[in-house]
Amino acid sequence: MSSALAPVGIFDSGVGGLTVARAIIDQLPDEHIIYVGDTGHGPYGPLSIPEVRAHALAIGDDLVGRGVKALVIACNTASAACLRDARERYEVPVVEVILPAVRRAVATTRNGRIGVIGTQATINSHAYQDAFAAARDTEITAVACPRFVDFVERGVTSGRQVLGLAEGYLEPLQRAQVDTLVLGCTHYPLLSGLIQLAMGDNVTLVSSAEETAKEVLRVLAERDLLHPHPDDPRAAGPSRVFEATGDPEAFTRLAARFLGPAVSGVRPVHHVRID
């Protein structure tokens, strides 16, 4: 049985999931976290579903083996590829990023026209389209924006080139007159300014990061797994461990640019391997 003192495990294909980690830190400041960025194998978007599933479950096995009390799949592509497998495989609760964003989008839309942007793998999986199927009176337009992740992973989140790319990708959503747009990749909030500029102020952006953090809070509270208040004698100050399967120095530089000094001393993970 998991302990409330155990950490929350979070993973993504790279730095995008740090938007989820940041939201969890903001909403649950007392929690210990372990974050793994799979920069050695990501981005996941161009990979096949079996490849994504294998990489994601290898990291999940590692984190669960280290005793995390909950596992957060902070990656839309991985959520689409392996959520069912992960929930069958692990005894700890598994939180993903798709359904929380879908619920918020349905609650937000005024005209029922909702857009979704994501990696090619996420859009091809129809995970969002299927998740929206239960919502009545909604019209979903899904568009793949594969190059967004490459720009974010290189630290390029502004400039004419990225704005031009955004305008091209998002034009079908403007034609569809969506009033709510789901950022269906955890990298995309780092481009939210450009995306908002391209879509216009009348479109509401829904970030899966904030909604996922709320879901983590709900799940931990339901299972009495919230970390004790700092005044509790059992409690210790929160620890935040960041690891990368690729170059830890490159990960640190990029992550610190977005999240500041909270991300430092990133540890390399050499034992996360695919058989």
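Glycine too: its Cβ is placed from the backbone N, Cα and C atoms.
If you draw a 10 Å sphere around the CB of Cys75 (active site, proton donor/acceptor), it holds 34 other CB atoms from the protein chains shown. What Swiss-Prot lists as active site, proton donor/acceptor is Cys75 (among others).
Under DSSP, Cys185 (active site, proton donor/acceptor) is assigned to coil, being neither helix nor strand in the three-state scheme. Summarising the annotation, Swiss-Prot assigns active site, proton donor/acceptor to Cys185 (among others).
Asn76 (substrate binding site): 36 other CB atoms within 10 A of its CB, across all protein chains. According to Swiss-Prot, the feature substrate binding site maps to Asp12, Ser13, Tyr44, Gly45, Asn76, Thr77, Thr186, His187, an assignment based on sequence analysis.
A gap of 9 Å separates the Cα atoms of Tyr44 (substrate binding site) and Cys75 (active site, proton donor/acceptor). The substrate site is defined by Asp12, Ser13, Tyr44, Gly45, Asn76, Thr77, Thr186, His187, and by the 8 Å test on Cβ atoms against their centroid, the other residues of the chain that qualify are Gly14, Gly16, Gly17, Gly42, Pro43, Cys75, Ala78, Thr119, Thr122, Val149, Cys185. Here the CA atom of Thr77 (substrate binding site) lies 8 Å from the CA atom of Cys185 (active site, proton donor/acceptor). Spanning the residues Asp12, Ser13, Tyr44, Gly45, Asn76, Thr77, Thr186, His187 that the record associates with binding substrate, the maximal Cα-Cα distance equals 12 Å.
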